[in-house]
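Per TrEMBL, active site is recorded for HIS430. Here TrEMBL flags 18-52 as compositional bias 'Polar residues'. Here TrEMBL flags 58-70 as compositional bias 'Basic and acidic residues'. Residues or ranges marked as region 'Disordered' in TrEMBL: 1-70. As annotated by TrEMBL, transmembrane segment applies to 100-121, 141-160, 172-192, 198-215, 297-316, 338-357, 416-435, 441-463, 470-488.
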Amino acid sequence: MVDRNDRVPMMTGRTRRSTIGPTPAGGNSKQANGSKQSSAGEKTPSHPSHSNGKVKKEKQVHEPVRTPQERSKICERLSCHVLQESLLSSASGYSNYRGILNWCVVMLVLSNARLFLENLLKYGILVDPVQVVSLFLKDPYSWPAPCLATVLTMVLIPAALQGTISETTGTFLYLVNLTTLLCFPSATVLTLTSMTPAGGVFALGVYTILFMKLYSYKDVNMWCREIRHTKARTLTRSHSCPSVAQSNGSAVHSHVSYPGNLTHRDIYYFVFAPTLCYELNFPRSPRIRKSFLLRRLFEMLFFIQLLIGLVQQWIVPTIQNSMKPFQDMDFSRMMERMLKLAVPNHLIWLIFFYWFFHSSMNFVAELMQFGDREFYRDWWNSETVTYFWSNWNIPVHKWCLRHFYKPIMRRGVNKWVAQTAVFLVSAFFHEYLVSVPLKMFRLWAFMGMMSQIPLAWFVGRFLRGNHGNAAVWISLIIGQPVAVLMYVHDYYVIHYMSQS
């Protein structure tokens, strides 16, 4: 039997009220049942009388312990302000403006839709695909395809014979080829009165591309000969355009070294490849992806029709209405015409960029299994003018860097002088491709390109980040319509005002 003194005395209601402080509800129920004390072997005092010190001490011991979540809820009820910057302040570090970008796109689409609807209501439907096709059928000499093919064959045969002729003869033939590519097209375009300006631009563009390709072909083979003089090379068959074997459904390419690349097949592959820089062993894709090829073909056909339609419907009427303000020298109306032309001109330029540098060049590259598809970089993020010109047209940039800029730098020329020389050559070709087809010598394109030098210095020196990117976009949107209006005005004055 258990001794009476060892028993735990029963807690009266008065004792519970005096000893139980502000403890959690769970604790009260456990103490009332007597289960917690019995299990712990603790004795509850039977006398309700306690000193004030002991009561305060027990109250401090039994204060509730709150979790971090409970404390945060209490803080939220007591305070609602923290130290922080506004989102649009630069000090906030906020950078997610995707919604604002979407808003800008929506506003741009709505604005262009309003302008296009206004154009339709004012002029009606001016799109005429038959008019474009008639340029090919009306006068074959306005698109000199036979002459182009003949000259192409004439200049490529001597180039491919470089390995079988002497150094002096090869140099002479190359000089003749390059001179022919620059002089013969210009003379043809200037003497054929029936040739349209569009046909002249096309012909001169093809000849200029061929000139740059043959110049690269000459340089690379010259470098190979210089290396060959110091180190013997194994003569192998050219595989820049090889007749490849098949292994498990993919092409197998062999390495080629100079002078095994000097074949007609090799040079014709390079002429039609989407690049301006020659090399003996081009990177090749393993196979032709038919679905990719068909998508690019569809884009080419769709966007070329869209470009022609936008020019006929939007550009031509705007330019025709711009002649009178230029004749009257009404500067306010001239500015209004220029800004009205800026939006459709820039939209057409963007569509042309996608059509040429993405759809067309990827189509040709896929068809020829050309592996290097870097035809452009992220020029739309350009924060400087020099970054834009280095990234929007990669084939031309690589050619200028490889065959013009670096050779000048190796001669000890200053970097700034070399960059100015590159812009000077680019300005010459821009003017050459515009003035000769229009049969009038103006310097608007030349001055537009040369003005990029001080603009590049100003943007690089004083503008950075978003401000520099905005300056690049403004120069693209405003600069092109100014040059277009200058040439159209001069062409109109020479060919129409003089006749009247």
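Including glycine, each Cβ sits where the backbone N, Cα and C put it.
Long-range contacts of the transmembrane segment (338-357) within the same chain: residues 111-112, 115, 299-300, 303-304, 306-307, 310-311, 314-315, 318-319, 322, 375-376, 392-393, 476-478, 480-482, 484-485, each at least 6 residues beyond the stretch ends and with a Cβ under 8 Å from a Cβ of the stretch. Remote same-chain partners of the transmembrane segment (100-121), defined as residues 6 or more beyond its termini with a Cβ less than 8 Å from a stretch Cβ, comprise 313-314, 317, 343-344, 347.
Contact check: the transmembrane segment (198-215) against the transmembrane segment (470-488) gives fewer than three Cβ pairs closer than 8 Å, residues 6 or more apart, which falls short of the contact criterion.
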